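Enquirer: Here it is, the structure in full.
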Amino acid sequence: MVTLSSPSVIAGGRDIDSTGYAWWSGNARLINLSGKLLGAHVAHAGLIVFWAGAMTLFEVAHFVPEKPMYEQGIILLSHLATLGWGVGPGGEVVDTFPYFVVGVLHLISSAVLGLGGIYHALRGPESLEEYSTFFSQDWKDKNQMTNIIGYHLILLGLGAFLLVFKAMFFGGVYDTWAPGGGDVRIISNPTLNPAVIFGYLLKSPFGGDGWIVSVDNLEDVIGGHIWIGLICISGGIWHILTKPFGWVRRAFIWNGEAYLSYSLGALSLMGFIASTMVWYNNTVYPSEFFGPTAAEASQSQAFTFLVRDQRLGANIGSAQGPTGLGKYLMRSPTGEIIFGGETMRFWDFRGPWLEPLRGPNGLDLDKLTNDIQPWQARRAAEYMTHAPLGSLNSVGGVATEINSVNFVSPRAWLATSHFVLAFFFLVGHLWHAGRARAAAAGFEKGIDRATEPVLAMRDLD
């Protein structure tokens, strides 16, 4: 009987003799079989889209409208809400039907991708070159490889413009900075000034500078997507119409494993950026859906106690804390009035519930005394008890014995998962880059297949 481990398997692309890899080596067997490799990737895309659709429907089925999303372990509906679907003023979910539609559309498209993957894995041509030179994937064909880069860049650019169109023409997106506590709005005047957009890339990543993570308005976000969309599409056209220059041909390694390493390196970089963005940024990741940032929870606790004690008669402008510094208010290193106590370390935090209470010199004592709105006090109290922290001691003054059962902030979960995955992708990038460079230099022979353990194992049946 023929089995996956049987030496009698003679199907091309599936045995050691024809590929140099055992069955458990996965897609490595398909390096030189572009049709089969396409099938594997299309099927993989189908699995990803299936998870997105199924998990969206799972979250819809379990969603409780009376509770905030971040208290329900939700990580997908929060993204859809950020895009302006199903939410109203203050981030309140008013309709879950759009989420249901998105989930079903993903399930349907996953079925199409799954069928495409099965077709190309089992029935389609083993090598796409047999069908058309347009789909050629000869790893050493430098011009074709840059053509493929061009197609991908154009698709990425169109993806960036999808967000632009949604924000500008198709209902808008959720803006946590909208007056009164956030709302969905049309972004009618995106920032196109290159000095502003590319200025983010020149900023320091440290402290209050924050590189691109410091973006705090949707005009800059959408304007940035316009720029990146134009750059990606222009770059795609450039790569399709031109051939790589001599220095490019000499500088890069041109084989399948090298391209894998380049891709893993890019994904790793994007993962690290996404991790820091979701942890620190409350504009692109609104706290109404993802929960407060660590700095936000800390500042909201100081604000909550200020509101409480002021109602009890405390003079918040002059009360001293146990260290002799201001108990409720103090000065920042640059002279602004900031919250006192341990949260002083987060003095440069900005949030939509706090900014209306600032003046030209930081927090405005008159506004704190007379202008605090009920929604600001409620939101701060909610954020104070849902810090994205897992510490048993206080962090920034926040008592992190969190006032919820089994609460894990989606912000903490997403930041951690993206950081861990980015790290492993970086390791994969280094591993495959090293192998590709060694192979190109001629001294990497790989594992000796004659002594491969699987060859000494019994057949699976």
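Glycine residues also receive a Cβ, built from the backbone N, Cα and C atoms like all the rest.
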Enquirer: Looking at 166-188, 189-211, 212-234, which stretch does Swiss-Prot describe as transmembrane segment?
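Expert: Swiss-Prot lists transmembrane segment for residues 166-188.
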Enquirer: Suppose you had to name the range Swiss-Prot annotates as transmembrane segment; which of 32-56, 57-81, 407-431 would you pick?
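Expert: My reading of Swiss-Prot: the transmembrane segment range is 57-81.
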Enquirer: With Swiss-Prot as the source, identify the stretch among 85-109, 435-459 annotated transmembrane segment.
Expert: 435-459
Enquirer: State the three-class DSSP label for GLU355 ([CaMn4O5] cluster binding site), counting H, G and I as helix, E and B as strand, and everything else as coil.
Expert: helix
Enquirer: Which sequence-distant residues neighbour the transmembrane segment (57-81)? Criterion: at least 6 residues beyond either end, Cβ under 8 Å.
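Expert: Answer is 87, 91, 93, 96, 98-100, 102-104, 107, 174, 285-291, 382, 386, 404, 407-411, 413-414.
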Enquirer: Enumerate same-chain residues with a sequence separation of six or more from GLU355 ([CaMn4O5] cluster binding site) and a Cβ-Cβ distance below 8 A; give 'none' if the list is empty.
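Expert: GLU355 ([CaMn4O5] cluster binding site) has long-range Cβ partners TRP177.
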